[in-house]
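Some notes on the structure that comes next.
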Amino acid sequence: MRIGLFATCLGDTLFPEAVKSTAVLLARLGHEVVFPPGQTCCGQMHVNTGYQREPVPLVRNFAEQFGDASIDAVVMPSGSCAGSVRHQHEIVAERYGDAALRSGVATVKAKTYELSEFLVDVLDATDVGAYFPHRVTYHPTCHSLRMLRVGDKPLRLLRAVEGIDLVELPEADSCCGFGGTFAVKNADTSTAMLQDKMRNISATRADVCSAGDSSCLMHIGGGLSRIKSGTRTLHLAQILGSTRTAPYALTEAAR
Amino acid sequence: MSTFLGMPATPPRAPYGTGNLRGERKFPRAAHDELLNEQLRRNLGRATGTIRAKRIGVTGELPDWEQLRDAGSAIKTDTMNRLPELLEQLEAKVTERGGTVHWARDGVEANAIVTRLVKATGSSDVIKVKSMATQEIGLNEHLEAEGITPYETDLAELIVQLADDKPSHILVPAIHRNRDEIRQIFLDEIPGVDPDLDNVPAHLAAAARTYLRQKFMTARVAVSGANFGIAETGTLSVVESEGNGRMCLTLPDTLITVMGIEKVLPRYQDLEVFLQLLPRSSTGERMNPYTSMWTGVTPGDGPQEFHLVLLDNGRTAALADRIGREALNCIRCSACLNVCPVYERAGGHAYGSTYPGPIGAVLTPQLAGMHAAKDDPNSSLPYASSLCGACFDACPVKIDIPSLLVELRHQHTEQAGTTAEKLAMKAAAGVMKSPRIYTAAQKAASLSRSVGVGGRDRVISRLPAPFDGWSDSRDTPAPPKQSFRAWLASAEGAATLREASAEGAARRAADDHQEEQ
């Protein structure tokens with residue numbers, strides 16, 4: 001397949017390793033990965049903070065960059081950005097866009113996938129040939145779980161990883177407290193949620209807490225780093241991208 | 001003189017400064033203080049966790065639970081689409097059966113109507129059934145000011161009233177109190193209570209029962225809310241657990257029911273759906289212990305005078321919003337509160353309204369407005385959510401609360417004018433919409449590393465306002481040397497992808513070979 005890779009602004013700028021692993025993984029599975037160079041941001045932060053006029057150019061740009069019929073699927077290593085493309089772009093287009101934008105949004109929405117659902121649903125691949133001999137716990141991010149309904153697909157992918165010691169995260173489905181600008185506007189409540197999430201992560205004694213969204217991982221990882229918990233965060237794509245020939249070099253997290 | 005263009009005015013909201021639909025502070029400030037209360041967090045964590053587990057059990061056991069939710073949603077949507085005709089039908093039926101219907105535009109009118117009706121009976125006190133509508137309009141405070149004493153008869157409402165406190169949960173109003181506190185409240189406030197009263201729940205309940213029994217036997221007027229009002233028959237219904245409601249609804253001479261206009265249901269048979277949805281979602285029980293239904297007045301049986309006060313108080317304004325109106329479908333089960341991670345930590349008081357939690361965050365701003373004053377506390381409510389979506393999954397009538405929150409946030413930014421945040425959002429969109437400027441900004445971010453941002457461990461531990469709350473408990477990574485796109489465009493990036501393709505091809509060839517053998 002010819003796959004349009006959306007790096008997401010956060011992944012592109014702050015967490016490029018997760019995007020690199022996504023590209024490497026898709027190439028390894030035999031697909032052509034294209035990166036439309038004019039891509040930037042899906043506008044999720046704007047919409048979630050209450051701004052729907054400002055992201056119109058972003059929504060338009062996304063539809064233009066990935067609308068090309070030669071792109072079979074648009075894949076991104078983020079549940080919340082995929083959620084934004086699939087659920088919010090049409091709200092923005094409906095309200096402040098024109099007919100062309102509405103149609104462009106509908107076209108691109110139909111072929112947009114978060115990484116784990118693309119691998120399992122479209123490629124029918126659960127064993128992607130990964131090797132990761134470490135203790136891992138998985139946090140299912142809210143938008144993957146309740147907006148995209150990815151269900152246990154990420155866990156099925158992880159269970160098939162060679163050498164992995166996968167441990168269940170208690171109260172896994174509760175929010176880590178990030179919520180985009182929520183963590184800034186309601187920092188105290190967000191921190192209280194983060195503390196509970198970190199307590200559950202620590203209880204697993206995992207080396208790595210993984211998830212399918214760099215934004216939630218930035219939040220959880222930022223908290224774990226501050227308390228020097230000994231557990232580090234790693235994007236699902238980085239675990240799936242790690243192989244026997246090119247294993248991920250896990251560095252010790254600060255304690 | 002300008003030409004009249006014929007645009008309709010927005011229906012009125014609940015009048016500013018009346019009732020209990022607005023706190024004194026914005027949510028983040030109020031939550032900040034509530035979060036310091038360790039006792040509150042423990043109580044809430046335990047209580048919401050218990051109800052959550054019970055609800056999952058009794059909703060999971062029904063094979064048609066999802067269809068029931070669909071039916072509940074469809075009936076409520078149908079109701080809202082023809083609310084005026086259903087209300088008139090309800091009025092006609094209640095009147096036909098000997099009741100009197102009053103229409104109250106807002107809480108002020110409803111309070112005045114109830115006060116007038118109570119005074120006409122000559123009684124100076126009333127017993128009350130737990131009711132959200134009368135909490136919303138501040139009926140108790142109004143009655144007291146008029147020399148009438150209201151007695152709450154629901155155990156938790158009684159605790160809240162005796163402590164001169166406010167409810168913090170729709171179903172469990174005293175969820176923020178523990179048994180020691182309740183014991184002390186009873187010792188201080190119940191006349192003639194046994195001074196040796198201990199903190200055993202059964203003993204506390206017995207003390208309340210003794211106190212209330214005397215009120216039930218002597219009161220001549222009761223005030224209730226309603227869970228449902230059936231347009232087809234004129235039947236009103238209250239569902240409850242303790243039986244205090246049944247006492248209030250049957251013993252006095254006069255019954256006054258205050259019902260929000262959105263509580264009407266078209267047909268008697270609709271109860272079949274809602275009497276399954278409500279208890280299972282609310283208390284996590286298959287059926288609530290007491291379901292009372294009454295239709296007008298029955299000679300020789302129950303109250304001989306019945307008044308129904310239909311309350312608007314901003315509901316028509318909510319109905320006028322094509323997206324926001326979905327919040328009116330709420331049946332006040334409180335399932336969304338019990339699954340909400342924000343409610344669980346901050347508690348109900350932080351919302352400043354009779355309606356806390358996710359549904360309160362979308363209902364309160366619509367009933368009372370969120371720009372009624374400068375820096376209106378209600379404008380912070382739609383932001384009191386991480387948009388995790390747990391509320392939507394729990395809602396028995398499938399109200400898409402996260403989408404409503406996002407919609408109300410949009411309405412807020414549209415009305416708020418030019419703010420620093422809006423300028424920042426515009427600036428961010430300005431950078432993001434141009435790949436050229438965006439790439440330049442990425443390079444600038446990478447460069448910040450070389451001037452020492454993040455230090456040697458590449459971690460930023462202190463950020464300026466408004467990000468200081470974030471950096472109080474979270475480290476932020478310094479931008480990496482190279483963005484993804486810069487890597488991809490580099491020789492290294494191209495080579496890495498080539499190698500991955502080749503490795504994958506080799507692996508597949510080996511697999512095929514193995515299968516052939």
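Cβ coordinates come from backbone N, Cα and C, glycine included.
Those TrEMBL annotations? Automatic predictions, nothing curated.
Each residue of the compositional bias 'Basic and acidic residues' (B:505-517) gets a DSSP state, and the totals for helix, strand and coil are 12 helix, 0 strand, 1 coil. Under the heading compositional bias 'Basic and acidic residues', TrEMBL lists B:505-517.
According to TrEMBL, the domain 'LUD' annotation covers B:87-310. If you take every residue in the domain 'LUD' (B:87-310) and average the pLDDT, you get 97.
Residues or ranges marked as domain '4Fe-4S ferredoxin-type' in TrEMBL: B:327-399.
Look at TrEMBL and you will find B:414-489 tagged as domain 'Lactate utilization protein B C-terminal'.
Marked as region 'Disordered' by TrEMBL: B:1-23 (among others). Listed by sequence, the residues of this chain that lie at least six past the ends of the region 'Disordered' (B:1-23) yet keep a Cβ under 8 A from its Cβ atoms are 30, 105-108, 135-138, 166, 313-314, 316-317, 319-320, 349-355, 364, 366-369, 372-373, 376-378.
For the region 'Disordered' (B:464-483), the residues of the chain that approach it from at least six positions outside its boundaries are 439, 442-443, 445-446, 448-449, 453-455, 458, 490, judged by C-beta separation under 8 angstroms. TrEMBL lists B:464-483 (among others) with the feature region 'Disordered'.
TrEMBL lists B:497-517 (among others) with the feature region 'Disordered'.
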**Prompt:** So how many of the residues in the region 'Disordered' (B:464-483) end up helix, strand or coil by DSSP?
**Reply:** 4 helix, 2 strand, 14 coil
